[in-house]
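K.L.:
According to TrEMBL, the protein carries these features:
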- 4-66: domain 'J' (DOMAIN)
- 140-222: zinc finger (ZN_FING)
- 140-222: domain 'CR-type' (DOMAIN)
- 153-160: repeat 'CXXCXGXG motif' (REPEAT)
- 170-177: repeat 'CXXCXGXG motif' (REPEAT)
- CYS170, CYS173, CYS196, CYS199: Zn(2+) 2 binding site (BINDING)
- 196-203: repeat 'CXXCXGXG motif' (REPEAT)
- 210-217: repeat 'CXXCXGXG motif' (REPEAT)
Amino acid sequence: MPKDYYTILGVDKTASDEDIKKAYRKLAHQYHPDKAGGNADRFKEINEAYQVLSSKEKRAQYDRFGRVFDGSAGSSHGGPFGNFEFGFGFDPSNLDDLGSVGDLFDVFFEGLGVKRRKSYRRGSDLEIVQEIALEEAFRGAEKKFKVRLFSPCGSCSGLGYFADAGLTECATCSGRGEIKESRSTFFGSFAQVRPCSKCSGSGQVPNKICSDCRGSGRVQSNKEVSVEIAPGVSNEQLIKLSGAGETGERGAGAGDLYVRVKILPHKIFEREGDNLLVKKEISLLDVLFGTKIEIPTINGNKIYVEIPANFSLKEKLKIPGEGMTRFGGFGRGDLYVEWEVKTPKKFNAKAKKLLDDLKKEI
């Protein structure tokens, strides 16, 4: 799923470099994993957002395409060194995550002296497809649906264990939440760090887990969701419902729910961006002598237009302002009429003679 780096840092798309830096420092200080109440996953997300938005080139690329293509942001490895640590507590991947050396020291010394604790990962993002009619895309709609997902366990309030039973330090990792494995190579000794599988990186294990959720803190359920679809929505457009995705394990935050809008084909109108196209039958005599014809519109009204004699069938008739609502509510597109000449399959003798006479006159 695409990440909204501006939302992550809590700034507008027009924010200055200084505003972005201030927002980053404030959030990095708040969520640093070495601080009480910190959140490692949130901290990493904040650093990833700052890494992109603090660079003019990456920010311009992100604003245009919704992502960067150099592999530095959003990478699962966080840098070319992966999960390896070098001696003396130096991890080169952190330099890329924190944006600059000055920011690295600001955050590090603010959280110094607090034992690190890994938090559980947030829940998964989900995506569903919601079908709507073209009329609903024109005027907007509220749609309600049910989705099956992981939600907090009611028996243990999403903890995965009973609070009165308490927690015990994990014996496998000695409460660190991670396991270090040493490796020797030609270049020297390296230590690879991985989350402890016994405590899932939390550093603690419950004395009594919840039997209903088997210690995960979440159960599957059918959740009713409501989504507001704005007028002028496009086909395949994604609508993000923050925090409406799956709940994470043991009280971790919920993911997001993405609703992909699918506009069903219409029996009368074809959509071309903000414009609409309708095909209308017209007789050969009406083409020759002109007529007044009825045109349907997307809002249910009918428009009557005068067709002059001998008009060109190749030209589409344009009716301004009778197309789709523009997304954001800024006016409407146009309606175009494409003509199809209706000709009878059979002629009686009298009709054939009249047409022959007409042909001679023309």
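Every residue, even glycine, has its Cβ placed from backbone N, Cα and C.
What you see is a predicted model, and the numbers here were worked out from it, not measured in a lab.
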K.L.:
List, in sequence order, the residues of the same chain other than CYS170, CYS173, CYS196, CYS199 whose Cβ lies within 8 Å of the centroid of the Cβ atoms of the recorded Zn(2+) 2 site.
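P.N.:
Counting only non-site residues, the set is ALA171, THR172, SER174, GLY175, ARG176, GLY177, GLU178, ILE179, SER197, LYS198, SER200, GLY201, SER202, GLY203, GLN204, VAL205.
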K.L.:
When the pLDDT values for the domain 'J' (4-66) are averaged, what is the result?
P.N.:
85
K.L.:
May I have the DSSP-based helix, strand and coil counts for the residues of the domain 'J' (4-66)?
P.N.:
44 helix, 0 strand, 19 coil
K.L.:
Provide the number of Cβ atoms within 10 Å of the Cβ of CYS173 (Zn(2+) 2 binding site), excluding the reference atom itself.
P.N.:
22
K.L.:
Taking every protein chain in this structure into account, which of the binding-site residues CYS170, CYS196, CYS199 has the most other Cβ atoms within 10 Å of its Cβ?
P.N.:
CYS199
K.L.:
Could you put numbers on the helix, strand and coil content of the repeat 'CXXCXGXG motif' (210-217), residue by residue per DSSP?
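P.N.:
Helix (H, G, I), strand (E, B), coil: 0 helix, 0 strand, 8 coil.
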